Amino acid sequence: MSSGHLFQWHLCDVFKSAMCCISCTHTLSLLLCVLTLTSAATGAGPETLCGAELVDTLQFVCGERGFYFSKPTGYGPSSRRSHNRGIVDECCFQSCELRRLEMYCAPVKSGKAARSVRAQRHTDMPRTPKVSTAVQNVDRGTERRTAQHPDKTKPKKKPLSGNSHTSCKEVHQKNSSRGNTGGRNYRM
């Protein structure tokens, strides 16, 4: 064989191997492009979380810390989101990422500080003395007198015959006067 033929065979081998590499690279890039378009069309991207799925995910992410449905004031970067948006607006109607979920977790409570406060309560604080028996006896005597002689200054309400609205009015009074009974005790 002449040197020309040898050069031609060598050039042909180089060209064949180059074409093989180019076609493999081209095929691989085409395959990746098809996979990317297929996953985008089927919605395999970031998913949204709503309802029970959102609550379960928040419980899993936040653990024992707990979580908020709306951000507490002054917590996290509030400059990019409006004040009335919560986790439902951010994760149910848009895609939701782990970082966004973690922003709604309650702050970490330091367990060591909580334990030391509990320990201080048990060791440093003096116990409160029990109420003396003399005070208890006075209270019991007052109870007996009240039971024997009911207070005659309170007017007794008598239901009017044939009028069923008094009980409704009474219930309304009870409900509307909670917290400010004026010394009267209502029982439901």
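Placement of Cβ uses the backbone N, Cα and C atoms for every residue, glycine included.
Matching 35-42, 107-114 against Swiss-Prot, the residues noted as region 'D' span 107-114. Disulfide connectivity taken from Swiss-Prot links C92 to one of C21, C24, C33, C50, namely C50. Out of C62, C91, C168, the record in Swiss-Prot bonds C105 through a disulfide to C62.
Remark: secondary structure over the region 'A' (86-106) totals 10 helix, 2 strand, 9 coil, with classes taken from DSSP. Spatially, by CA atoms, the disulfide-bonded residues C62, C91, C96, C105 include one closest to C50 (disulfide bond), and that is C91. As a summary of secondary structure, the region 'B' (45-73) carries 15 helix, 2 strand, 12 coil according to DSSP.
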